[in-house]
Amino acid sequence: MAEVTLLQTRGLTRRFGGLTAVDRVDFTLMQGEIRAIIGPNGAGKSTFVGLLSGRIAPDAGTVLFDGQDITRLPAHRRVRLGIAYTFQITNIYPAMTVRENLAVAAQSRLAHEAEIAAAAQEAAIAVGLEDRLPDRAGALSYGHQRLLEVAMGLALHPKLLILDEPTQGLSDDEIDNFLTVVRRVAQTATVLLIEHNMDVVMALATAITVLDRGRILAEGPPEAIARDPAVQDAYLGSAT
Amino acid sequence: MNLAPYLLLATLEGLVQASVFALTALGLSLVFGVMRVVNVAHGEFFTLGAVGAWLCAMLLPGHPAISFAAALVAAPLAVGALAWAADRLILKRIDYDPEATIVSTIGLMYVIQQVVLMTFGPDARAVDAPFWYTIRFPWFGWSGYKVFIIVVAVALVGGLWLAMRHTRFGLIMRATQYDRETAQNFGIPVDRVYAAVFALGAMFAAVAGVLVVPNSQAHYLMGHDPLLMSFVVVIVGGLGSLPGTVAAAVLIGMADGWLSVFFSPTLAKIFSTLLVALVLVFRPAGLFGKAVRA
Amino acid sequence: MRNLRLFALTIAVLAGLFGVQFVISGYPVLALTRILILAVFAMGYNVLMGYTGLVSLGHALFFAAGLYGAGLAAYYGGVALPIAFAAGIAAAAVLSLVVGLLALRTQTVSFMIVTLMFAQAGYLATLHFSAITGGDQGLSLPAHARSFSLLGQEIALTSATARYNIALAVFAVVLLALYALTQGPRGRLFAAVRENPERTRMLGYDVGRIRLLAFTVSGTISGVAGALYGLMFGFIGSSFAEFRSSVEVLLFTLVGGPGTLFGPLVGTTVMTLLIDRLSGLTSAYLIAVGVLLIVLTLWFPKGILGTIRDRWAPWLR
């Protein structure tokens, strides 16, 4: 597979008051990767993906996606271009059914009700929620709600799926199932995930970026990162 | 034609207006500031104050000063008790949901207004001023009672300001305003603070109502304009900001006085309503305010 | 994901409303005509409040825009009634687009106050320009504006039967249009914006535009009701622009069930009959409006049909 750049940032910066949460970050993501972003709390991970998804506006720098400058594009337009984002805190439509949740996502790219229904079904199957389609989303277990959120991302058929701490609060069994789901997703989309659980990171990621105090501390394949003394010093040593 | 006498008169009348606006609006602002809810029935508390003054004048014969003094104490207390009950029975139960509070206080507005209509009747009724004294200007005489309105308003506004700064209750209110959850964790009885603040806000409106009656008249629909003007004052001054509210009351009271020399009252009202809407749209923190917390 | 049971109910209700005119006569026909028109107003309001979750306190403005747009065109312009009707709808559409653009920059409480203030300014304007509008006294449309010809047929609006059938026709068109709007993908989007705007934005939707669409549709339908009301009864007056109208339409929707297709019709029917009864008994009938607003927010925030939907009939929406 040819190496194609999917997403690139140059000098990306965001300040909150006196604090520089993301500091002149140059970052490149290739098509087909599963990239994990790790780093201690307050390293700027969520702010960084917020800048990519358009939920937060940068103070300086540019974001290129699929060869196009999207720095000034509002969040909803970026989604249409193929950047799907799942929230750190579960964010679904609790009063609507699972089917309706997925349909809202699918109709973002489809016009006909039959196609929308089929896409909703397909997304549900991809995460193993096909039996829960008629149920109220708010009535699902926490683990299933997280899966539903991933499925909503899938229903968008994104080029890039950003997952913000997807396994937080999941049981071990649920995490295993989640790993299977993400590997399947990665066959069609590039995945960028923020993750605290190092077992998940090591099992999934094809490459890791370590953020610390708003800057990239290290970047590379999982094994190399795990051995990197600077990373161990800043992060892994204190990780649980 | 010499405009000076007109403008002097307009300024004086404007100051009286500003005093009434400041009292009424401070009540609304206090409730919004601490509880983050809008009380649409606020104008009815004003009406009840005025009707209370009339009732005292009926029940207590003798010198008007006696019944007026009684009204100045009794009416706000009665209105405060009513507001306290409304907080316990309605607002607390809907958990101070901002939208549901507006809908239910619209309901409360109609209930109070119509009860006043059924008991007090549809006519406007006058009450004697507690004293008669006319200040002589070269061009016109001016009622000394109006000076009294200004003095009472300044005293109450100053008193509230001092109480907010320097008393324990003020501290508790400010803490609750700043963060309800944290206040609760520090053992502040947030429920009782809310009830007290809602009652206090209503009492300010009631005092304004009492003060206004000798100057104008009591009528069951009289709460409408004060409600509107309170909205204008509170929003232009910045939601929940006491100094901003006072500044806006003076500005708008004076503007109202001057504008009514040149324009019809309806046109002045159109201007104020549009001002409120546009300030909320383009300067949500108010004309004098800085950014508000979300 | 069409809702066939709701569609069947829609057809049945329309058939029933058509048939009922052969059974009743006299005052009930007039009452039902009024109910149908006010139900259209409430249906318009429901698009914004029920389906999209934005509570406006100023919809009297759009009803009045329709009323005055149509009424003034007929009174001064002397145009044929269908053209006056269209003028009223156009006035409401333009006004709701402009007010929507401004008001939607705010949310929740501010949104309620902004819509209230715009409507109040509109009401005061009808008083201020009383030389044109007739103000409080209003204007009665002249005889030539009480009939029109349609397909060569002369239709007199002084006939109760003609009025009822025209009101029913407009009601039916709005009802079917709203069925199509709310039960398809668009309705799902409105609900998505109501339930979780941030999530909806991150699924690729311009939430502001969806809200503006809902606001404009809502205001325009309210204007349809206003234009119809003015032309049918031949009277335009500023009392329709009062705050009370905005509260009443909110109440109709709350009673019937916000976010249900038939909630506005049910709520309008119940409340109109109740207010009719009460105003015969006391001049203070508005006290019932007040008590109901409090009772509904305390115990029945979902209204009659909303409660039935949640308990027994999820398709009733």
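Residue numbering: from 1, along the chain as shown.
Placed from the backbone N, Cα and C atoms, the Cβ positions cover glycine too.
For the transmembrane segment (C:29-48), the residues of the chain that approach it from at least six positions outside its boundaries are 17, 20-21, 54, 56, 59, 62-63, 160-161, 163-164, 167-168, 170-171, 174-175, 178, 181-182, 190, 214-215, 217-226, 228-229, 232, 249-250, 252-253, 256, 258-260, 263-265, 267-269, 272-273, 276, judged by C-beta separation under 8 angstroms. Residues or ranges marked as transmembrane segment by TrEMBL: C:29-48 (among others).
Sequence annotations record features per position, and here TrEMBL assigns transmembrane segment to C:60-77 (among others).
Sequence-remote contacts of a segment are chain residues at least 6 beyond its ends whose Cβ falls under 8 Å from one of its Cβ atoms, and for the transmembrane segment (C:83-104) they are 54, 56, 58, 61-63, 65-71, 73-74, 77, 111, 114-115, 118, 145, 208, 211-212, 215-216, 218-220, 222-224, 226-228, 230-231. Marked as transmembrane segment by TrEMBL: C:83-104 (among others).
The transmembrane segment annotation in TrEMBL covers C:111-132 (among others).
The transmembrane segment annotation in TrEMBL covers C:162-181 (among others).
For C:212-237 (among others), the entry in TrEMBL reads transmembrane segment.
Residues annotated as transmembrane segment in TrEMBL: C:249-275 (among others). Nonlocal intrachain contacts for the transmembrane segment (C:249-275), taken as residues 6+ away from its ends with a CB within less than 8 angstroms of a stretch CB, comprise 6, 9-10, 13, 31, 34-35, 38-39, 41-43, 45-46, 49-51, 55, 57, 59-60, 63, 175, 178-179, 182-183, 191, 194, 222, 285, 288-289, 292-293, 296-297, 301-309, 316-317.
Taken from TrEMBL, the feature transmembrane segment applies to C:282-300 (among others). Remote same-chain partners of the transmembrane segment (C:282-300), defined as residues 6 or more beyond its termini with a Cβ less than 8 Å from a stretch Cβ, comprise 244, 247-248, 251, 254-255, 271, 274-275, 307.
Highest Cβ pair count under 8 Å relative to the transmembrane segment (C:111-132), across stretches C:60-77, C:162-181, C:212-237: C:60-77.
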